[in-house]
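Undergrad: Following this message is one structure expressed as structure tokens.
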Amino acid sequence: MNAFEQLIKRIVTFVDGAAAMFLAVITGLTFLTVVLRYGFNASLPGSFDIGRLLLGVAIFWGVAVAAYRQEHIQVDILWSALPRKARGYLNLFADLVFFGCAAVFTWMFLVRVLATRASGETTFELDVQIWPFHLLAWLGIALTTVVLLARIAHVVITGNFDVPSNLGPDDDGPQDYPAGEP
Amino acid sequence: MSYPDLVAIGGFVVLFILLLLRVPIGVAMGLVGVGGFAMMVRTSSALNLVGLSPIRTATEYSLALIPMFILMGSLATASGLSKELYRASNAWIGHRRGGLAMATIAACGGFAAICGSSVATAATMTRVALPEMKRYGYPDTLATGSIAAGGTLGILIPPSIVLAIYGILTEQDIGKLFIAGVIPGILALLLYLVTVRLYVMFSKSDVPVQEKADWTERIHASRGVWAVVLLFVFIMGGIYGGVFTPSEAAGMGASGVLIIGLVRRRLDGKAIYRCLVDSIQVSASIFFILIGALLFGYFLTATQTPQKIANLLLALDLGPHGTLVLILLFFLILGCILDAMAMIVLMIPIIYPVILQLGFDPIWFGVIIVMTVELGLITPPVGMNVFVLNSLARDIPLQRVFAGVMPFVLMDVLRLSLLVAFPILVLFLPNTMQ
Amino acid sequence: DDPVEIRFAHWVPPTHPLQQAITEWGASLNEATGGTISVTIFPAQQLGAAKDTYDMVRDGIADMGYINPGYTPGRFPVFDAANLPFNITNATDGSAAIDEWYGNYAEKEMGDIYVCLANAHDPGTFHSKEKIVVPGDVNGLKVRPANGTISKMVTLLGGQPVQVSAPESREALERGVADAITFPWGSILLFGIDKTVKYHLDMPTYVVGFVWGMNKDFYNNLSDAQKKAVDDHCNPEWAKQTSIGWATYESGGRDKIKAMSDHTVTTPTDDQVAEWRKAVAPMEDEWKKAVNDAGYDADAVWNDLQDTLKKYNSKY
Ligand code: NA
Ligand code: NA
């Protein structure tokens, strides 16, 4: 594993943990809102907007981690019927399509973040600027693009189509059932 | 055929090809949606849609309930609630013929009351219940069938992620949908228990019987379950009584499981962190599909396909129930190859206007359609619950599991017919919320 | 002229009076262009979220859209003046006034769209479980505000804003999540809130201003004749015309509520109105600061609005 892939792995690990912390904050804010309302007849100004903006950051960072661990939901019906080698080609194709879409998404979303910054849009309460949250969320999409690029580069450079489901060999992926299946 | 019709049909064809080629569902839907929008309107507008829509979806407050309900289920598993549920169910009904399988169903139902996901329910119960049933020499069809089918209770009994997504896509009250799911969910649980009874009555294979638990064990085993009961009553009661919104219920539920787990010393920092990481992962991949689905939806709107299909279906003049049966059959067939959420996000924008025009209640239809797509989780050749079980129990061949779920599939169809014939079973509780 | 279709996006259900207004506006435009411009309405956020309507129009995702600038606080400071409380008495001539006034600033503030017209809904006010007559009564109450501006007003008066969607507000009030709501009158009946809130303050507390925007390229690509027809449909008269249906609907609600025996409708005295004005005065200062910061002469903009409102007999 080269230095580039090591670096990506470290960033993904950090992003993973940070997104988890955001979820903790969102849950805590929700809990506090209810407790304050019934316990103290009080409200937490801005919690609604901060909660939803953090949700956006957490989700987009999670998208990057899921791309790294290949946990985005796919239809396996054809894939599972194919021989090993063909599966590798199919993986590469899917990654290429995903990469193309992620790259366009990264670009267009950055345009949007800059437009939001220029527009000066704020939250309903507390007048907090919205664009910094969107910029944080954008980092997740940018990272998704880089992760996919790294995986494609790995396949093309090594010529090994038999890629593992993630770049790191001992990455402790989250669970033993497919992510995102409701 | 007009240009919009051709673009719409072409869009669906390309979408299915991309899905077959294993492009992630969210990417495929988003790509076709944006591409189609570009063909219908113009490329620059379609590209701007990419900057606009996804962040709006990801920062929608009402969607915060998805990660929080997932967190609740995850924390419940980590704090051993699933094991306790199984032990308690076992103590009460384990001694009957097929008792271990019935206890599995009951435990699935209990776990479903705090977990919004079917696959998570199936995965959790596989680890808890399969070793027990194997130890007692249960036929593997019954053992795996009851877990895979029991797992579907995860989205049938509220809270339910799929039901919540239906609510978001159709702008229906998620709280009402959850309350509407309570009676059908309990009905599903009871009918699955009946299925196990029928199985052991008519099965030629030998189903062993285990010893009857005494009252000390029963009481002892049930002590661990109070927490689940309390939480379910708390969450559903809170939504029913309007004490909090569904999103707040999710936050209270996750916090509740956390507090109970901490008090009982079942959770430590590391476990909590693990649960948070897992939950955000699962949520991100759900949101990713939703984002793609909404982009695809704007494309469909631009081609006006939903209205056209609605008119086409209505022109068949099959009457409300005839058309409904046609739609449900279509979903059943689609369910063989597509998973539950993909079907909901793909087809609801198209089918929903028809349902409204036929005069069906949107809350009732939500429960019905979730019951229908749930079947897809256990029908061959693609059934997520069966795959999960298979990945955890490699020694049991897929076809044995699919054979095992067949009796449950038949019971599902019976239950679905019941709920279509008697909508009051679904609507009774939500109507009292007025 | 080449026939073109306007894809018009809005975010209320197709049963809303607004749908009718857009339909009539479109029919008239269609006639004026000899059938070359037709309007297809996409209601209920079918083409995108309500908050994104301005961007959707700018980017051509929709050709026209019904924009609520109050959904994006901080973005259109000049337009916010229309949303300031105790300012505008009615939605018909008041809409004509807003349109005429905002026409002077639209090119600068909403320069990347073609602002067809600006209008408002019928004035909304406080509807509450406990009687509200003077600003002090809002102190300590949980209020579901109409938008960001009213949210600030509630905070200023010592109340707590509760953010729930319009359809959720009935439940919020019934369960005690909120004690009061600011709404136009007819909507109280539409959402079934009259079962919970029995006290109503008969005072044109605020209006919510809206903008009918058109994509600039779409406009520029029209023929001269079509442009003229569009221009003729984007003026103070049409601003008034398109707000009448909704305004009639809303103000009809006041008469219905007044006729209900279990409801109390209170009209404040002149002194009490003065008290309200005094209590919310800091909002005007805050608005002026934001507008000055954005590079306008806030006092001039403000006086212009007041003069135009007087001209149209809708100054409160
Ligand atoms: Na559930
Ligand atoms: Na299936």
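Even glycines carry a Cβ here, placed using N, Cα and C.
Annotation comment: TrEMBL describes B:12-40, B:61-81, B:101-130, B:142-166, B:178-200, B:221-243, B:249-267, B:279-301, B:321-351, B:363-388, B:408-429 as transmembrane segment. As annotated by TrEMBL, domain 'TRAP C4-dicarboxylate transport system permease DctM subunit' applies to B:12-423.
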Undergrad: Can you tell me which parts of the same chain pack against the transmembrane segment (B:221-243), counting only residues 6+ beyond its ends and a CB-CB cutoff under 8 A?
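TA: Tertiary neighbours of the transmembrane segment (B:221-243) are 76, 80-81, 84-85, 87-88, 90-92, 110-111, 113-114, 158-159, 175, 178-179, 182, 213, 249, 252-253, 256-257, 260, 264, 429, 433.
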Undergrad: Could you check whether the transmembrane segment (B:142-166) packs against the transmembrane segment (B:12-40) - three or more CB pairs closer than 8 Å, residues at least 6 apart in sequence?
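TA: Since fewer than 3 Cβ pairs under 8 Å link them, the transmembrane segment (B:142-166) and the transmembrane segment (B:12-40) do not come into contact.
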Undergrad: May I ask you to check whether the transmembrane segment (B:249-267) and the transmembrane segment (B:61-81) make contact, with contact taken as at least three Cβ pairs under 8 Å and only pairs 6 or more apart in sequence counted?
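TA: They do touch: at least three Cβ pairs between the two stretches lie under 8 Å.
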Undergrad: Report, as numbers and ranges, every residue of the chain located at least six residues beyond the transmembrane segment (B:321-351) whose Cβ falls under 8 Å of a Cβ in that stretch; write 'none' if there are none.
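TA: For the transmembrane segment (B:321-351), the sequence-distant neighbours (Cβ-Cβ under 8 Å, at least 6 residues beyond its ends) are 25, 29, 118, 155, 161-162, 165-166, 169-170, 286, 289-290, 292-293, 296-297, 300-301, 305-306, 309, 313-314, 358, 360, 368-370, 372-377, 379-382, 384, 416, 420.
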Undergrad: Counting Cβ pairs closer than 8 Å, which of B:12-40, B:61-81, B:279-301, B:408-429 has the most of them with the transmembrane segment (B:178-200)?
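TA: When the Cβ pairs under 8 Å are tallied, B:408-429 comes out ahead.
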Undergrad: When each of B:61-81, B:279-301, B:408-429 is checked against the transmembrane segment (B:12-40) for Cβ pairs under 8 Å, which one has the most?
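TA: Looking only at B:61-81, B:279-301, B:408-429, the most contacts with the transmembrane segment (B:12-40) come from B:279-301.
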